[in-house]
Amino acid sequence: MTKVRTKISLKIGANSRIPAQIASFNGLTSDKEHIAIIFGKADECSSSPIVRIHSECLTGDVFHSSRCDCGEQLDEAIELMEKEGGIIIYLRQEGRGIGLYNKIDAYKLQSEGMDTYQANNQLGFEDDLRDFTEAGQMLAALNIRKLQLLTNNPLKVKALREYGITVDKVISTSTFIKDDNESYLRTKAKNAGHAIRFPF
């Protein structure tokens, strides 16, 4: 059974000004060191907190790469939860589960004309290797049984519902279009059903 291992308080975000808690876990089904970032008392209330399941993206989250919108989505979640409370489930699933080096290899193939899924397939991987079951385990360990999910990805909604967690509402993330990521976003919408709103 998954249980909270350690929970600490710290400040995060720009200028380290946003109070939050970081929780680690024992008993996850993989050896990945996933964490939960808790804002306010989202894990102590009986209502339906806002939750974002966010897969690690070093190039986007840390270096704000122009190739994706991951960093902007993470920043948006932090800003929203600073005001409303909530929980970010941060999963160590770099490159939709293929790892950082393989993702960089995939980027090279994309530069040669492949889309994000074709590149993964060329490297011998499926379109998306992520499993969101552990997100359900972590939320259950935090006593979260119902929530509002901040996502454009229907697979995350499906995974939580299959785990027995009630998704009261799906909140779409904003669309962050940059010169280098429009094709990537349109491919996710077309191939994986992401509910991305394009202005044109």
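Each residue, glycine too, has its Cβ placed from N, Cα and C.
Swiss-Prot annotations:
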type	residues	note
BINDING	R52, I53, H54, S55, E56, Q73, E94, G95, R96, T116, T151, K156	GTP binding site
BINDING	C57, C68, C70	Zn(2+) binding site
ACT_SITE	D128	active site, proton acceptor
ACT_SITE	R130	active site, nucleophile
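Here the features listed in Swiss-Prot are placed on the structure.
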residue: R52; record: GTP binding site; contacts (Cβ under 8 Å, 6+ apart): Q73, L74, A77, M81, G86, I87, I88, I89, L149, L150, T151
residue: E56; record: GTP binding site; contacts (Cβ under 8 Å, 6+ apart): Y90, L91, R92, Q93, E94
residue: C57; record: Zn(2+) binding site; contacts (Cβ under 8 Å, 6+ apart): S65, C68, C70, G71, E94, G95
residue: R96; record: GTP binding site; contacts (Cβ under 8 Å, 6+ apart): S55, N120, D127, D128, L129, R130
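Residues R52, I53, H54, S55, E56, Q73, E94, G95, R96, T116, T151, K156, recorded as contacting GTP, have a largest CA-CA distance of 23 Å. Sequence-distant neighbours of H54 (GTP binding site) (same chain, 6+ apart, CB under 8 A from its CB) are C70, Q73, L74, A77, I88, I89, Y90, L91. The local packing around D128 (active site, proton acceptor), expressed as other Cβ atoms within 10 Å of its Cβ over all shown chains, amounts to 20. Taking the centroid of the Cβ atoms of C57, C68, C70 as the Zn(2+) site, the other same-chain residues with Cβ within 8 Å of it are T59, G60, D61, S65, R67, D69, G71, Q73.
According to DSSP, R52 (GTP binding site) sits within a strand segment.
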